[in-house]
Amino acid sequence: MDAKVVAVLALVLAALCISDGKPVSLSYRCPCRFFESHIARANVKHLKILNTPNCALQIVARLKNNNRQVCIDPKLKWIQEYLEKALNKRLKM
């Protein structure tokens, strides 16, 4: 084999070994790209507040009827009230 071919193959193999297989664009993507704005408070089983440095406030809800997870619009009135109540409760501790 030619030395140039061997060198190129070695570089390609080294690049493949170094890579973790995940594209950079996926590692910084926000979990909630779309928000549901018609979710009633009574249909929510559990809320999870995601705090990531690169994304705005994100709230994920698990629904009661089908156990599905959806991203809820943080501007909903009942979400704002819930967050305010939770913050006040935490400040009193």
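Positions of Cβ are set from backbone N, Cα and C atoms, glycine also.
From the options 24-28, 29-33, 79-83, the stretch Swiss-Prot describes as region 'Receptor and heparin binding' is 29-33.
Mean model confidence for the region 'Receptor and heparin binding' (29-33) is a pLDDT of 84.
Long-range contacts of the region 'Receptor binding' (60-70) within the same chain: residues 31-32, 36, 39, 42-48, 50, each at least 6 residues beyond the stretch ends and with a Cβ under 8 Å from a Cβ of the stretch. Annotation for Cys55 (disulfide bond): spatial neighbours Cys30, Pro31, Cys32, criterion Cβ-Cβ under 8 Å with sequence separation of six or more.
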